[in-house]
Amino acid sequence: MLIERNEASLERTLAMGVTKVELLTAHIVIEYAIMSTQIVLAMLCAFLVFGMTIEGSLFLSTLLLMLAGFCGISYGLVISCVSNSPIIIALAAMGSYFAIVLTGGLIWPIEAMHWLLKPFALFFPLTKSTESLRHIMHKGWGLFDGDVYVGFLSVITWSLVLLSFSVVLIKFQKN
């Protein structure tokens, strides 16, 4: 989105009758295809090359990873709609990425966090979905076992909120 805006191809595209929402949808489709390929390759590498085991459903694990990837795409679209500067976008993306990964339970478990940080970690987009993925992969839980569905609901809600926010931003953005 940023490159199209800065290189004036956005104006040419909009002049041809393409709406901003259609352009946003095209970006989502392309990025989702790339992300899906990356997830499949990463899973093949993890299971076939490194011998990682999975106790639960491979389908549920893949679906949850795809939803988490879609949440990341939605977040990236929000960031790209907010700013015109590639430096600000890169700094915002990197800074928020590390904050979400380090305090969202992806690397360090929530149970081992400082008690002041725990309540905030529960509101990050990937906290509940990470716990759900661990339950599926290591405990063999299904969609309706324990809190697995909460992880799905959390990542879907975050994705829809971020996607809606990016649609609102792009609709009211000046050309």
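Glycine is treated like the rest: Cβ placed from N, Cα and C.
Annotation comment: TrEMBL describes 3-137 as domain 'ABC-2 type transporter transmembrane'. The feature transmembrane segment is assigned by TrEMBL to 29-52, 58-80, 87-110, 148-170.
Note on the transmembrane segment (58-80): residues 1-2, 24, 27-28, 31-32, 35-36, 38-40, 43, 89, 92-93, 96, 125-126, 129, 132-133, 136-137, 142-143, 148, 151-152, 155-156, 158-159, 162-163, 165-166, 169 of its chain, located 6 or more positions outside it, place their CB under 8 angstroms from a CB of the stretch. Long-range contacts of the transmembrane segment (148-170) within the same chain, counting only residues at least 6 positions beyond its ends with a Cβ under 8 Å from a Cβ of the stretch, are 1, 20-21, 23-24, 28, 60, 63-64, 67-68, 70-71, 74-75, 77-78, 81-82, 125-133, 135-136, 141-142.
Here the domain 'ABC-2 type transporter transmembrane' (3-137) is broken down by DSSP into helix, strand and coil counts: 102 helix, 0 strand, 33 coil.
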